[in-house]
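Feature annotations, courtesy of TrEMBL:
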REGION    1-28  region 'Disordered'
TRANSMEM  52-71  transmembrane segment
DOMAIN    53-516  domain 'Major facilitator superfamily (MFS) profile'
TRANSMEM  91-111  transmembrane segment
TRANSMEM  118-137  transmembrane segment
TRANSMEM  149-169  transmembrane segment
TRANSMEM  181-203  transmembrane segment
TRANSMEM  209-227  transmembrane segment
TRANSMEM  321-345  transmembrane segment
TRANSMEM  357-378  transmembrane segment
TRANSMEM  399-419  transmembrane segment
TRANSMEM  425-451  transmembrane segment
TRANSMEM  463-482  transmembrane segment
TRANSMEM  494-513  transmembrane segment
Amino acid sequence: MSSPGDRQPATADLSDQEKALSVDDSPDAPIDIEHAAVADDPREWSFFQKSVVLFIVASASLIAGLASNIYNPAINQIIQELHATSGEISLSLSLFILFQGVVPLLWSALSELRGRKIVYVTSIAISVVGCIVAAEAHSIGVLIGMRCLQAVGSSAVMAIGAATLADIYEPAERGKMMGIYYAAPQLGPSLGPIVGGVLTQLLSWRATFWFLVIFMSCTLVMFTFFFRDTYRRERSLVYQAVLRRNLKQRARLWNSSKSSSKTEVCPEEDKKAPLPLVTEANLDITETSSPPSPTLEVRMSIRDVNPFPTQILLLRRWNNVVILIASGLLWGYAYTVLYTCALTLENDYHYNSLKTGLVLLAYGIGCMAGSILGGRWSDHVLRRMKEKNGGRMHPEMRLEATKCIMPFFPISAIAYGWLAEKHVHIAAVCVALFFSGFFSIWIYSSTLAYIVDANNGRSSSAVATNSCFRGTTAFVFAEIAVPLRNAMGEGGLYSLWTGLIIICEILVLLVLYKGGAWREKGEARERARA
């Protein structure tokens, strides 16, 4: 037994844990929570096992994009059959975007409590129910309500998909894998109108929802039978915070029980002593001498995974706030293009829903290419910067990959706007749409990977917060895009967007050069308060 004056946790089993982990005793030493020892480490799975996870998650991520746009070509049928107004139809579209952006905060919290798999299965099942009821709806009110339910269910994949990949891939390869993962939802908004147009013309608007039922049911089967849960609570800051609280309580009780034997621990020193990172491998270590200490059992509750305190912590870091604003602007641009381009093609080019979807496919293919190539380039730049930095890396290095295409994104946006304004040949519009999507998602894929890398132990909450920013911004621009287009024209609207894109790029550069200092300051503040 150590002497009373020694600086150590009050129980012997905690001391053993510290020795086993060889934790740096400096109070300011950052914890490498990403590499905490866990049972069945997902990062040590085979290439095939990881590929199965990537395929399932990427396939499911199509749901969000498809569900938001697949019934757009059927709007006229819905208005006639359900006697709906244009305002009610607009509400069904906007609420879907809003719910899909806000609800991920709750799914993220649940995944910290119960794991990733149960969230995927539950959310997709909810979305299937929403689609079934929507397919049989006989009033616009029921349809709007079920659209909201679909959004609630489909939002989970977008909320924890990136976090799932962070569970299984090291930072050096995340850019490429997240690029592959995020290519799928970029196709959704473009494929949705095509599939919806074909189904509406051949069958009816109800067929679009039955198609979603079949597609979602297939993904539900894959998650149920072929998906291995990637979540390991030892790598969650939420779980570690609960452990620290319980360990402190246990230490106080042990000190109190030892007071009769005049064994004291200095309260101030005990308070300052850093608590170890506890894992499954050392959680059951107990004192072998008398009296024995019981094995620590930790059960997290809803209160422990309350998303709002974690979100506040995330937003107290300036690097997160700035990059989230940039991410929101990129998503707002995407929804502006999807909404205004469809109107331009229908009203000025006199295209039907199928032809409109085929033109928008150029934008979707551009997004997909930008996501895959941008992710690979992001990893390449990260490796190169790491070598130059003596083998050390920090998350901001990844944003260096966005600089090479920043001059071209505003050019492609303003080019599309004025080409559409002047009603030039559709081939030129398709080229502008392709490069506009390519450059926007090239930047977005790096910002998404940065959000994950810069928030170790909170990747799920960070991505959910990003979804909230993204969804709120998309909701706002979905509401104002058409009025702005009608007032300013395509050329004026995308001239405005060119300015916003330049602001977005400045924000990304600001995080690239200042984000490291902001992040380290935030981490030090959180460690001081732990």
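Even glycines carry a Cβ here, placed using N, Cα and C.
Ranked by Cβ pairs under 8 Å to the transmembrane segment (321-345), the stretches 399-419, 425-451, 463-482 are led by 463-482. Within the chain carrying the transmembrane segment (181-203), a Cβ under 8 angstroms from the stretch's Cβ atoms is held by residues 54, 57-59, 61-74, 77, 158, 161-162, 165, 211, 334, 338, 342, 352-354, 356-358, 360-365, 367-369, 371-372, 375, 437, 441, 444-445, 448, all 6 or more beyond its ends. Confidence annotation: the domain 'Major facilitator superfamily (MFS) profile' (53-516) carries a mean pLDDT of 81 in the model.
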